[in-house]
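Asks: Annotations per Swiss-Prot:
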- 14-21, 89-93, 144-147: GTP binding site (BINDING)
- S21: Mg(2+) binding site (BINDING)
- 5-217: domain 'tr-type G' (DOMAIN)
- 14-21: region 'G1' (REGION)
- 68-72: region 'G2' (REGION)
- 89-92: region 'G3' (REGION)
- 144-147: region 'G4' (REGION)
Amino acid sequence: MPKEKPHVNIVFIGHVDHGKSTTIGRLLYDTGNIPETIIKKFEEMGEKGKSFKFAWVMDRLKEERERGITIDVAHTKFETPHRYITIIDAPGHRDFVKNMITGASQADAAVLVVAATDGVMPQTKEHAFLARTLGIKHIIVTINKMDMVNYDQKVFEKVKAQVEKLLRTLGYKDFPVIPTSAWNGDNIVKKSDKMPWYNGPTLIEALDQIPEPEKPVDKPLRIPIQDVYSIKGVGTVPVGRVETGKLKVGDVVIFEPASTIFHKPIQGEVKSIEMHHEPLQEALPGDNIGFNVRGVSKNDIKRGDVAGHPDKPPTVVRTKDTFKAQIIVLNHPTAITVGYSPVLHAHTAQVPVRFEQLLAKIDPRTGNITEENPQFIKTGDSAIVVLRPMKPVVLEPVKELPQLGRFAIRDMGMTIAAGMVISIQKGE
């Protein structure tokens, strides 16, 4: 059996109107992966004979977005010679941040799109900070709309320098910077003949070289539960994605915070594991599985619980505990003060939390403190805060288990902040 190509998840980030959707559209168009719905529409128009026009396709994609259907991003897939690539989201989508954090979509790499006409803009910075907060290790930069600046190398070099400065201060080291015109198809899939001065990779070549994501098999087992089913003749079947560690048939697993809430171990033996309706003996990180647990009732566990092994159980933050976190405020209408109580979304859990302390404002690029004990924090600020959950929740310090250490803060139907858990303080 030849080894299967690695799967890589990518997100597109960048300032509004810099060309994220057009770049995605061009990638799909030039690799022959335009969504079915659009091909159907095209055929219905009875234009079978005519070739697809890129502009027409982009109009359809735009219409779908305006009707609230982003290019059904969950299914935007294509292949490169050495990778299976899934585009898991493009911002503009209201729940972009929440989706990235709650593990609906763990991104392995980000494509940062910057328009040659504008250079680095506020959202360029915000999205780059966010990529770092979310733990995205690899970035590919495209300097787009090169056709609007006559494919001028000087303009490219100037914008490239701005972006390099921004990303280096955030700790990104090696990243390709590619001059593109998504609208005309320059350097997306096909090499451009308009920029002979550039001899680096096209976007698709850069995507083909994204390092293979490592599977954290040596860490303790963590499976955030998405759903729980009770199946006749089988029993209780929790469903979730293995984030870390491995699960074998015959293992005993314990569920938290269920065990903490019920004051008794909610645990049982794993009788069987299934993935895509096929039985598995062992499940690894990234596997979406259902597993049958003996001795656990469907009413004992729910979405937001996390399964682990009893010798290294998931860490529970109780209502008498607090946790210290670094957050970036993305969108708050006024200001956040002590006492603010929004909802925390982490892995599959959602719990109300309270801001107990605002310890410091920090410079997100260096981590240096810019103000101790601020009275309030507002949109654009990065800060170190202390939060208390109003219900028990499983969280882990980001340094130990990053998959369970990232969270979004939501309120009023929007994502207010993104953050990571620094440490957990047990209360008495």
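Cβ from N, Cα, C; glycine included.
Locate each feature and note its surroundings.
Replies: Non-local neighbourhood of M146 (GTP binding site): A116, D152, V155, F156, P179, T180, S181, D186, K194, M195, each in the same chain, at least six residues away, with C-beta under 8 Å from its C-beta.
Of all Cβ atoms in the shown protein chains, 21 besides its own fall within 10 Å of the Cβ of S21 (Mg(2+) binding site).
Looking at the region 'G3' (89-92) alone, the prediction's average pLDDT is 56.
Distant neighbours of the region 'G4' (144-147): 18-19, 22-23, 113-117, 155-156, 179-184, 186, 194-195; these residues of the same chain sit at least 6 beyond its ends, with a Cβ under 8 Å from one of its Cβ atoms.
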Asks: Would you mind pulling the DSSP three-state label for M146 (GTP binding site)?
Replies: helix
Asks: Tell me whether D17 (GTP binding site) sits in a helix, a strand or coil according to DSSP.
Replies: coil
